[in-house]
């Protein structure tokens, strides 16, 4: 019974268990079916999102998305355990359940917009679209991706702001937005990304301050926000980021002090905050960063001394504190940094001596101490730095002998010690420096012979021993320097003959031997220097017939051989020097006539044949072919006869003509009226006859000096001489002029010196003006003159007021005449000295094959057809032209097609005559370079067109606010700016933006890119009035950047002469000898800044007190008179609200003047200019 009861209970229990099991199975089956259905739905959503992503891609040149397609039955849920087909698509990865976790398509050249549907793929963990061409905004819908860990969209064209919705991606640990066009502030909620370890957004247009919430990113390891427009200070809370390893904030607008709290970031290895506006001291607490390897604080406004506590940064490899305002001594404690490889302290105000302890830095490879106030000798133990490769100490007051131990620095490649007070002989043993490539010791007091072992440095490329007191001869061993490109020995006391072996230096580009005591003949071997561009032999004792071998140097642009003893005629072979822009053969004993061959030098800007024994007529055909002469034509002090050729009027750009002291006859040619840019004309000491041409003077209204004395000219002085409003010196003495002295001369307010003596003038001497202080010597020899204190009263005329002729007036007159004469004599010398530095040889692209198109591919840029651009510009209709030059015409265009969405562009169609087929290699090669130049202050190149013999064109972003020229001066091409655009702040902002762009061109790429034509019309203004430098590739496409030899081989005559820059903005060395360096752009930038703040063009007529001035002279005079003087020359449309505004404007003009210095060596680099401008921005609140 009991057993039956037990059995019955067990039976009931089992029945219940079975029922429960059946129910559980049913429930599980139901849940499984629901999960399967849910999974299928999720897959469907993700598939749709992927297809929408593909639809947003307008161009897929590599076909990476070609396999992103759905079969006939679709790609639905998981079937039979297999993953959905889209999990195998290129760049897509899924988890085991078929959910998309990753989209990675870096460097795929995709172009289009990023689809917001990606926000529907809730399982996404990684998005990597690095180095594509996505544009438009970053979709805010990405903020729905709660599992997203990495968002990497670097190197695209994304615009707009950083969506604040991204702060919802709580799993995010890597956010990389660098190299885009993002604007606006960093979202204030960025601190909500508590897992963030890497935050990169460099090279954008972000502004505003660092959000305080960043202090909550306790796990952050990398912060790189460099190259933006961020402002404000670094918050002290940054010291709470204990895991921070890399902090890069360089090239922004940060200001204030560097926070001491940074010293608490013990894991910091890289600190780059250069090129900002930080002020105050370098915190001593930075010495606590014992793991720090790189500290670069240069280009700020830091003051006080270098903290000695930096001795504790024992891991430092690179310490760069240059280009600040640091004072005091160099701390000896820096010698305790055992790992230091680079120490850069240049361009500060450091004083005292160079500490001997620095020679303990045995790993040091770079030591830069230039442009300070250092004195005393270099440490005798400098030779301990056996790994040193660069020793840069120029522009100090270092003295004593160069230490002998320097010969132990056998790795030394660059030793720049010029502009110091070093004395004594060069040390022995320099020949051991077999790695030495640049040795610059110019402008010191070194003496003795040049040691022979110096010529064992076979790797030398530049040797500058100029402006010292070296004596003795130039050794024949100089021929061992086969790699030398620049040899500067001018300004010494070297003697003897120039050795024949000098011809072994076949790579030489610049040879300066002027102002020595070299004698004898120029060696014939000089013809081997086929790359030579500059040859200075002036002011020596060289003799004999001018060597024909010189005229085999077909790359020469400057030839200075004046003040020697050369004899004989000028050879016809001079015609071989087709690139010559400067020719000085003055003060020799040359005879014969002017050869017709001179007429073939169509690039000539300056010609000086004065003080020789040349005779015969001045050939009109030669003069007619010299239409490019811009600066100086001097044929004075020879024996030329005959008439002044009428063709002289074709020299429309010449500024000085001197034909004095010859035997010229006939009249003054009326065609001189064509020389509309003439400042000085000297025809004195000839046998010219007849009257002065009618209507001559109104055409020469820029003249400041006119000397026609010592001729046989007669008739009356024309009344229209009153048109010479700028004349300062006028000498008509020793002629046969008659009649009355024109009363209008008294009204020429600029006139300071007047000589009317030895003529037959009659009647009263005018009152006023220059006549108030005129001396008797300026009037004597005119028996018919009357009036005044020293002359008999005039009969029939009212006696004028008595005048006192003082000795002071005579002294002033003599001084003025002397200064005018000295000015003429100095012109040639100034032009020669101006070329101290020359462009270093640049590698020209060596493109193999006959087809440039096949040789160079520019995948980064879109290629357009002729038809596409014709459709965009209405067949290049003139109504669409927004700019033109001899090199190109720019059209406004609208791209057709759905992909372009009516995108407005600027189409720059190049002139095929100036860009012939021979320039195709340069054109296509430089397109590849342009495609990689990406900066917020450079005009973006969208694409290009190239069809042989049909079109060469660049397609650029269209800028709605036109160019800076239109904004300054007005014009149809640019809308008028709002009144606020004319404040000091806004103009300074433009300068900063242009400087940013040029700094990037000069130092942001593998090699410096020199613009060569910086001017307001090449600065474009976008919708926010942000300045963008354009046209930075034209010079390179014409091969202007190439070494002369390569350029000659690659370019036609049309190409080599087409790109001339723009008059008024060209640096002298570029105008005269086509030398290309970054200092060319610095000069142009200085002129641009002056034009921007004064509203005056550099090519316009500028007067001050009736005296003609260049824009630089006007600004220089104004700055020298202080703030009142500056205020007088500022653009009246510019609002100057406060004294701080005026002071800032004065500071900008002072920087601009330094940029426009005549000597390239005297100009700052664009980095230093930008640093100065950023410091000024703070004063006007431009943060």
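From the backbone N, Cα and C atoms, a Cβ is placed for every residue, glycine too.
The active site, proton acceptor annotation in Swiss-Prot covers 1013. Residues or ranges marked as domain 'Protein kinase' in Swiss-Prot: 876-1179. Taken from Swiss-Prot, the feature N-linked glycosylation site applies to 88, 120, 363, 408, 414, 483, 504, 634, 707, 747, 755, 773 (among others). As annotated by Swiss-Prot, repeat 'LRR 23' applies to 652-675. According to Swiss-Prot, the transmembrane segment annotation covers 810-830.
Feature map: annotations from Swiss-Prot on the structure.
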residue: 88; record: N-linked glycosylation site; CB count, 10 Å: 11
residue: 120; record: N-linked glycosylation site; CB count, 10 Å: 18
residue: 363; record: N-linked glycosylation site; CB count, 10 Å: 15
residue: 408; record: N-linked glycosylation site; CB count, 10 Å: 18
residue: 414; record: N-linked glycosylation site; CB count, 10 Å: 18
residue: 483; record: N-linked glycosylation site; CB count, 10 Å: 16
residue: 634; record: N-linked glycosylation site; CB count, 10 Å: 23
residue: 707; record: N-linked glycosylation site; CB count, 10 Å: 23
residue: 747; record: N-linked glycosylation site; CB count, 10 Å: 15
residue: 773; record: N-linked glycosylation site; CB count, 10 Å: 18
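If you take the C-beta of residue 504 (N-linked glycosylation site) and look for same-chain residues 6 or more apart in sequence within under 8 angstroms, you find 479, 480, 482, 525, 528. DSSP gives residue 88 (N-linked glycosylation site) a helix state.
In sequence order, 709, 730, 731, 732, 733, 777, 778 are the residues of the chain that are 6 or more apart from residue 755 (N-linked glycosylation site) and have a CB within less than 8 Å of its CB. Each residue of the repeat 'LRR 23' (652-675) gets a DSSP state, and the totals for helix, strand and coil are 5 helix, 7 strand, 12 coil. Computed over the repeat 'LRR 23' (652-675), the whole-number mean pLDDT of the model equals 94.
According to DSSP, residue 707 (N-linked glycosylation site) is assigned to a strand segment. Among the glycosylation sites listed here, namely 414, 707, 773, 773 has its C-alpha nearest to that of residue 747 (N-linked glycosylation site). Put simply, of the glycosylation sites 408, 414, 707, 773, the one whose Cα is nearest the Cα of residue 120 (N-linked glycosylation site) is 414. Note: the Cα of residue 707 (N-linked glycosylation site) and the Cα of residue 634 (N-linked glycosylation site) are spaced 14 Å from each other. Comparing residue 414 (N-linked glycosylation site) with residue 634 (N-linked glycosylation site), their Cα atoms are 41 Å apart once rounded. Within 10 Å of the Cβ of residue 1013 (active site, proton acceptor) there are 24 other Cβ atoms, across all protein chains.
Among the recorded positions 88, 363, 483, 773, 1013, the residue whose Cα lies closest in space to that of residue 634 (N-linked glycosylation site) is 1013. Here the candidates are the recorded positions 88, 483, 773, 1013. The one whose C-alpha lies nearest to that of residue 363 (N-linked glycosylation site) is 483. Distance noted between the C-alpha atoms of residue 773 (N-linked glycosylation site) and residue 1013 (active site, proton acceptor) is 47 Å. On the backbone, the CA of residue 88 (N-linked glycosylation site) and the CA of residue 483 (N-linked glycosylation site) stand 57 Å apart.
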